[in-house]
Amino acid sequence: MANSKYEYVKSFEVEDEIMPPNLIVIRIDGRDFRRFSEVHEFEKPNDERALNLLNQCAMAVMEEYPDIVFSYGYSDEYSFVLKKTSKFYQRRSSKISSVIVSCFASVYVTKWKEFFPHKELRYPPSFLSRVVCCASLEVLQVYLAWRQRDCHDQNQYYTCFWELVKNGGKTETEAQEFLKDAKEQDRNELLHQQFGINYNDSLALFRQGTCIFKNEVEDFVKYNEDGTPVKRLRRKTSIFRSENIASRRFWNAHAILLKELGNFSDDCFKINPDYIRSFVFESKLMPSTWVVIRIDGCHFHRFSDVHEFNKPNDIQALDLMNLCAMAVLEEFQDIVFSYGVSDEYSYVLKKDSQLYQRQASKIVSAIVSFFSSMYVMKWKDVFQNKDLKYPSSFDGRAVCYPSNEILQDYLAWRQVDCHINNQYNTCFWNLVKSGKSKSEAQIYLKGTQAREKNELLLKEFGIDYTTLPLMFRQGSSIFRVKRENTSMEENDDSSIEKTETKIITEYCNIIEQSFWEAHPSILD
């Protein structure tokens, strides 16, 4: 990072390491997926294609992040369990949670056409995620039993509900009232007697959910000179189903689970309500403070190389980032300002925001996953002649700033960093293109000051740094402005002034106080 007088703002970032021996579970849920399923006309009560898409996303996430050794999902949710010795992202809660939900969302969009070839994805899906800390394997066992019990209860209820609506002549309100106090046995009898359905004959995919983990299987890797095959054990991600994934019989039968997590010593006969309270606990951000959600591209050096982005700046890639950022502001009205550079964006939520009751994990995951989905969806709009070779992903964090001045210093820190990094990269890539190796370019620039870099660009390459596009040098600021529009009434000479709010992108100096004085509504 660049050294500047604004660096002190980093002290407001809170450490969120999950201390061992806690087991880490990342649980993600579809954000407003009831509406999403209605808009995309999913079958009720279960859409097999939608569930299989969800399962493929989970498999892709597990392939991407080897520290995830077990996952369980149903409906629109998935839980990912990391191995007990995991050091993934130094066990930082926000990083782990956000990168997994981002990857899941990106893959969901990427694979949509495989499962719905004749159905357009009408808007970006997004997901909420949280970290569940399990202090022991016993707690993890209870967690898995709880989620599978919820799978059964939900599926049985909605099977009854939609049968009553589709074939029982009831409205949705009447069906809700009819099932209000119905027990498990009552629902089974209803399905059997009124609709001739044996609940236990329905697909295990619906009743039991899906668990995914890696088994060691023998695979041919090569042939010896004499033609004999050489076999090796490899881990292969596979789908499994069981009536009780928290049972000793299921869990202890799989060597990979015993090795990476441990064995279940007893069966789970009762779900402790105290454990459930810990599973649903969400920490909240400090009230009456500015909340900044900062997202960064994951391994974007590799991503930009694979997709052959122009160096040091790719205008199309930056335009895509800005398009996604504008979409985020349209989606989340509590965001009053955003600033982006390269593969990062910072979103400022208004000081009195109650978005998701200020629950940090929900705010971060909603914004990160929405941005990730939009990035994949908008790719072809920007890169019309370039295929997206693999899904992008981002990580995010939430930081609270108590005053306007400190918030402005945070944004100034990011803009100073933008300038220093861009000036360095402009010199670096021009040196590389002129024939130097990357190591030689790094050594050449080591210890150089801003003035020396400007002179290098001008004398060696004929580039006046101050004439480069403002988007490269100052980054992108996106915010709302109010504009008065005058319209004439029909059949009347009178005019009416209407205030319209518009989201705009500017490339400007946000360090100077004059910017904030020109746009007082941002911090008002």
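A Cβ is built for glycine as well, from the same backbone N, Cα and C atoms used for every other residue.
Annotation comment: TrEMBL describes 6-134 (among others) as domain 'tRNAHis guanylyltransferase catalytic'.
Under DSSP, residues within the domain 'Thg1 C-terminal' (140-222) fall into helix, strand and coil as 54 helix, 13 strand, 16 coil. The domain 'Thg1 C-terminal' annotation in TrEMBL covers 140-222 (among others).
Helix, strand and coil residue tallies for the domain 'tRNAHis guanylyltransferase catalytic' (274-402), in that order: 58 helix, 31 strand, 40 coil [DSSP]. Per TrEMBL, domain 'tRNAHis guanylyltransferase catalytic' is recorded for 274-402 (among others).
Residues or ranges marked as domain 'Thg1 C-terminal' in TrEMBL: 406-511 (among others).
The stretch with the most CB contacts under 8 Å to the domain 'Thg1 C-terminal' (140-222), chosen from 6-134, 274-402, 406-511, is 6-134.
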